[in-house]
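What follows is one structure encoded as structure tokens, with my remarks underneath.
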Amino acid sequence: MMYDNEEELYEEENAEEISHELWQEACWIVINAYFDEKGLVRQQLDSFDEFIQMSVQRIVEDSPAIELQAEAQHTSGEVETPPRFSLKFEQIYLSKPTHWEKDGSPSPMMPNEARLRNLTYSAPLYVDITKTKNVEGLDPVETQHQKTFIGKIPIMLRSTYCLLSQLTDRDLTELNECPLDPGGYFIINGSEKVLIAQEKMATNTVYVFSMKDGKYAFKTEIRSCLEHSSRPTSTLWVNMMARGSQNIKKSAIGQRIIAILPYIKQEIPIMIVFRALGFVADRDILEHIIYDFDDPEMMEMVKPSLDEAFVVQEQNVALNFIGARGARPGVTKDKRIKYAKEILQKEMLPHVGVSDFCETKKAYFLGYMVHRLLLASLGRRELDDRDHYGNKRLDLAGPLLAFLFRGLFKNLMKEVRMYTQKFIDRGKDFNLELAIKTNIITDGLRYSLATGNWGDQKKAHQARAGVSQVLNRLTFASTLSHLRRVNSPIGRDGKLAKPRQLHNTLWGMLCPAETPEGAAVGLVKNLALMAYISVGSQPSPILEFLEEWSMENLEEIAPSAIADATKIFVNGCWVGIHRDPEQLMATLRKLRRQMDIIVSEVSMIRDIRDREIRIYTDAGRICRPLLIVENGSLLLKKTHVEMLKERDYNNYSWQVLVASGVVEYIDTLEEETVMIAMSPYDLKQDKDYAYCTTYTHCEIHPAMILGVCASIIPFPDHNQSPRNTYQSAMGKQAMGVYITNFHVRMDTLAHVLYYPMKPLVTTRSMEYLRFRELPAGINSIVAILCYTGYNQEDSVILNASAVERGFFRSVFYRSYKDSENKRVGDQEENFEKPHRGTCQGMRNAHYDKLDDDGIIAPGIRVSGDDVVIGKTITLPENDDELDSNTKRFSKRDASTFLRNSETGIVDQVMLTLNSEGYKFCKIRVRSVRIPQIGDKFASRHGQKGTCGIQYRQEDMAFTCEGLAPDIIINPHAIPSRMTIGHLIECLQGKLGSNKGEIGDATPFNDAVNVQKISTFLQEYGYHLRGNEVMYNGHTGRKINAQVFLGPTYYQRLKHMVDDKIHSRARGPVQILVRQPMEGRARDGGLRFGEMERDCQISHGAAQFLRERLFEVSDPYRVHICNFCGLIAIANLRNNTFECKGCKNKTQISQVRLPYAAKLLFQELMSMNIAPRLMVT
């Protein structure tokens, strides 16, 4: 399209702009496109795909070839060199998830089959091996072993290699899978496991911290780690000593600077390290540290360090100095120098390079670290913040599994080497298939995923615990939230408040509301809705590009040039300097927006004040999409939005938006160098009133800073902040439909609400959480009213008639499982109906409900301690004539009983074979849970309450329309908690039910306010603030107050009285102390603790105290010798007593004391301490 003059062009552009009114819809179209393409667990899937497609191959290729040679045999004088073998592992292949039955027949494994049969959903891994045989004087012989099986890798559901990845909703339904299930978890032994993202400090980054009080005033540290390498991180510290013991002034000039190198026990003066790298002259060293010699302050700071290292002036002397302080003392000087060289080359700053000839680069980097230290101590650059989220990386499934696989593959290679070496030493050839122990990888991965101990099974105490967790399936929202969880591996008992606090840099990356209460507060976090975690990309294209774009290499420049130029870092490694940083940044940004050379997840930061450009391409950076603003207007135009609206037909998608440079991903560090407008309205403000005119980006919608659980809350911006946190925790316990295929699943526990409703008042974000399709609550008519006093202290009154009609009724499923395992020896297990005549150890329970095959039939009502699975174990035949009385039993009972506190109906029975090929059975029992007094309910604003009483409709208060509320809550619940969102939701719901449309309660939305809602309500003839006149249900008289009433969305939580009720009169006791057991499951007693004891003492209730702590707990009697006070021998049958020590047979008293006290006395006696009881 050609324009005659510029004005037309300008008008055309203006027409393209999105107006403020249209923006309310436009931004949600963009967000829709994002979630359509990405879903909510993309970060898990992408990370796993990266592991399968890249990391596994890289690990296999990086492992060195196995070189084998037999010991030379000196037999007949002449020595012949035995043949040499080498094994190289090459290309890997991953098949589709497969299951091999016991008879060896393979079949594709479907996830639901894996869940039901307790299998592991994993795919076989194959590798090509090249075997080379070198015999002296002959050509090497190469043999290829194609596709050798080396183990199975668990597959993440819905990832590229999963069987479900490309299926349509219909196909999924036919496979008994829920189309709404997001995937992102593994199935290990039939249970669903999710890998929690682990937070860690970023490697290869220089940090400067000031030390409060210690021998150092400042500390610079860098934890170097080669990208994708098995070597553990090696840390280098460059520290500035504190002056004396008196308190350190921060402006203290001239302290010694020392380095702490890996594997070197003592501190090494920094100048000696430089000399060991081959920079001997003072001037050379200083050039690498202080780039500008006209800086007297800095020169002054390094003086003491120069003086300290004055004695060492040659490289070898310096190397010897370092080597002497190394691990092995008492070796020759050459050895020491070699050792020091090795450490400087391999262990110090390995990310700069571990090959030869990296000395210049290392010297520059070390100089840079000292430079940073000096800047910090002079107060010219602020210190680093440990809790800044830019300094953090998240390890997802990919890096975690790669770490595990690397170790296991190493073990596998070790085993192969040992096995083959044995054969070669005997002069035989070996079979590769037998040399490879496939279960090393299979079992290693399965063990870590099953237990959550991340690391080697043999060193379980070193491993991180709780990395893999069982996926929470209580509600759909709790599942989604669990898949997006982030964990900081800081000890939960630490009293440090800093890591737990909400840091500014978390904006838009992690949810500000969703964190647990108690010990883990602030350490367990959740991703915000649009946050994404980078999977990492290769830095090589960027390095090549920089070479072309006039970046000067460190080896080629004069050190004096650095002072004026800008340093360039790629992934923390200093690669060079550049004279025109602004131009370079513009070019880099342009390339990233066109997705040319540079991937969209790469971040680039230009620190203008410190003259640095930092580029990061590594994995685990958390980033989020923002709209790009240029010259004060959005690059997103109406045409883009129109195209997105039609994206089902025209192949337009989120990815196209990113590729066309309208949206870009910004990570936490880069976010600090850009200027973000909250909405396009900010861009359009008058120049005179505007807060800023140089915006570079714009938020898509501020509601996207919230996470999964907080996005369900209506009007969260009108609630006090801890209330949102409480609801985020409670939303995970609400009952609803947790997944659509629950009828074919055999979950251990499941709660399903009878009539879930979608809320009348929703947020726009809910669509992506599928809360409309899988809701967890009911729109109930709620009155806020003091009525009969049965709703004091956060209890609620329910309408009994509504409950009879099915209000908040739910069904509870519990599964029981058992299998016929083969025992050691000739004991075998069988499912059958045990008979009292032949079976030992049968309980007095109902065995007659079982069928003849030993398994209960569906539809039978069962109650506590009924048998659901009958199983017997054959006893070994005993040949002794003595035990003639036990002879009649040939079997022992090993049945499964229903939990003693539950009742229900057998819902479904499944019989199949497990992975070992044994008979395997799962039984699901259902019970109906009707709301009753003591059950817990909550609104979506952290307003939880238990049911205090239920009144029939006739006894409830009612309005003039005859409307009786379902729930009455107490007005005292509102003022101190300031949950205004609760009230606005009620008002909005009242309007919505009259208007016949769903209310919008998205946070940070200017379009909705109380004023508008009130005006509309008035049009429908209601009181503008939602109050009603009500009448007392008992007397029929008008209540002397206006009552706030309307529909509010309430949730039923999983805490029910039936699962909690517990009492005990008599029951089992512990064997050791003979005191009652603990806990409801074991029918235990209630503990009368120390504090209760103290109260009774202060009351002086001595007899009651004796009864509680002695008579109803563990009474016991012993006989005590009156002379020595020790326990005597008593034979009550013959009435003979004697104390062996005193030869006393008459002076003996009976003493009653707690059994625990008797045990303590005897344990003391075993330690040679005699507690003597003085009896009179």
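Every residue number used here counts from 1 along the chain in the order it is shown.
Cβ coordinates come from backbone N, Cα and C, glycine included.
According to Swiss-Prot, the feature Mg(2+) binding site maps to D794, an assignment based on similarity to another entry. DSSP assigns D794 (Mg(2+) binding site) to coil in the three-state reduction, placing it in neither a helix nor a strand. Applying an 8 A CB threshold to same-chain residues 6+ apart, the list for D794 (Mg(2+) binding site) reads Q943, K944, G945, T946, N970, A973.
Look at Swiss-Prot and you will find C1121, C1124, C1139, C1142 tagged as Zn(2+) binding site, backed by similarity to another entry. C1139 (Zn(2+) binding site): 23 other CB atoms within 10 A of its CB, across all protein chains.
Annotation comment: Swiss-Prot describes 1121-1142 as zinc finger. Here the zinc finger (1121-1142) has long-range neighbours at 1148-1149, 1158, 1161-1162, 1165, 1170, 1172-1176, meaning same-chain residues at least 6 beyond its ends whose C-beta is under 8 angstroms from one of its own.
Cβ neighbour count for C1121 (Zn(2+) binding site): 24 (other Cβ atoms within 10 Å of its Cβ, all protein chains included). In terms of DSSP helix, strand and coil, the zinc finger (1121-1142) has 0 helix, 9 strand, 13 coil. Contacts of C1142 (Zn(2+) binding site) defined by a Cβ separation under 8 A and a same-chain sequence distance of 6+ are given as C1121, F1123, C1124, in order along the sequence. Within 8 Å of the Cβ centroid of the Zn(2+) site, not counting the listed residues C1121, C1124, C1139, C1142, the chain contributes N1122, F1123, G1125, L1126, A1128, K1140, G1141, N1144, Q1147, I1148. Mean model confidence for the zinc finger (1121-1142) is a pLDDT of 94.
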